[in-house]
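Enquirer: Pasting the feature list from Swiss-Prot:
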| type | residues | note |
| --- | --- | --- |
| BINDING | Pro82, Leu83, Thr84, Arg85, Gly86, Leu87, Gly88, Ser89, Ser90, Ala91, Ser92 | ATP binding site |
Amino acid sequence: MIPLSIRVPASTANVGPGFDSVGIALSLYLHVVVKEKADKWQVIHSFEDSIPTDDKNLIVSTACKVCPSLSPYIIEVTSNIPLTRGLGSSASAIVAGIELANQLGKLNLTTDQRVQIATNFEGHPDNVAASILGGTVIGALDGKNVSVVRIESKELGVISLIPNEELNTDESRSVLPDVFPFHEAVKASAISNVLVAALCQKKWKVVGEMMERDHFHEPYRLELVPLLPSIRKCAKEFGAYGTALSGAGPSIFILTPYEKRQEIAEQLARVFTSMKVCELEIDHRGITVNKEEHIGL
């Protein structure tokens, strides 16, 4: 019997000025394999000790909130998505938990329902929608209702610079202002509008320009990620379209011409030796489920 397995891609959020709205799925993955029924939930993993191995695990707790009547199982979790680095590790766990409930609880959730539920858990649609749908997503949460549009960006290459230091999302959000002046909001939203239009029309140079002109969050987070300006300068010199914080940071996200991504990554690795330079691709499939013959679980 082939066990039920779920694969969820990582994601980057914001892409500069698309704050809490624009997300892109990336080729790093969280894998969940359902082993067998058990008396209580057990999560097998090789992560740090602080990651729970019982029903307090984020994947399991999410699944149980979605389907409270869910029977416990032993599951095995592996992932190459770095934790607390701005690459959607918690969002991928939430998405995996929803799908775990969907499959084991036979809920038959639609894609729209999964996006809505995931957004309710996460508080914004960018990361979770990208992990569910793949590709590039633009989303909006208006009260309780979420709207998401997905677009293709297959001509783009992706590079991520990942530091050794963690940065908690709550800490990164704590430096943001509680109040945003009206004229600043108008300017910031106009830049975000052009970013989205350029993404839709595949005007990559304009995308690169707009993603480096954010006013919503990056100016306030520079103190937490001081290398961003120098990485941005070098990446542009090496031929990248644009550079931005990946989500809340501390990882840096770079968009490049697809055919130049390896060359640019190698050049950046020679300069920024204290960071892990990853040449990635945009994941266009989103969450995938191997559910062959798992009915007997």
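In case you wondered, yes, glycine gets a Cβ from its N, Cα and C as well.
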Enquirer: Could you tally the C-beta atoms, other than its own, that fall within 10 angstroms of the C-beta of Pro82 (ATP binding site)?
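Expert: So the Cβ neighbour count for Pro82 (ATP binding site) comes to 19.
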Enquirer: Within 8 Å of the centroid of the Cβ atoms of Pro82, Leu83, Thr84, Arg85, Gly86, Leu87, Gly88, Ser89, Ser90, Ala91, Ser92, which other residues of that chain place their own Cβ, given that this set defines the recorded ATP site?
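Expert: Here the nearby residues are Ala10, Ile81, Gly247.
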Enquirer: Among the binding-site residues Thr84, Ser90, Ser92, point out the residue whose Cβ has the most other Cβ atoms within 10 Å, with all shown protein chains included in the count.
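Expert: Answer returned by the neighbour count: Ser92.
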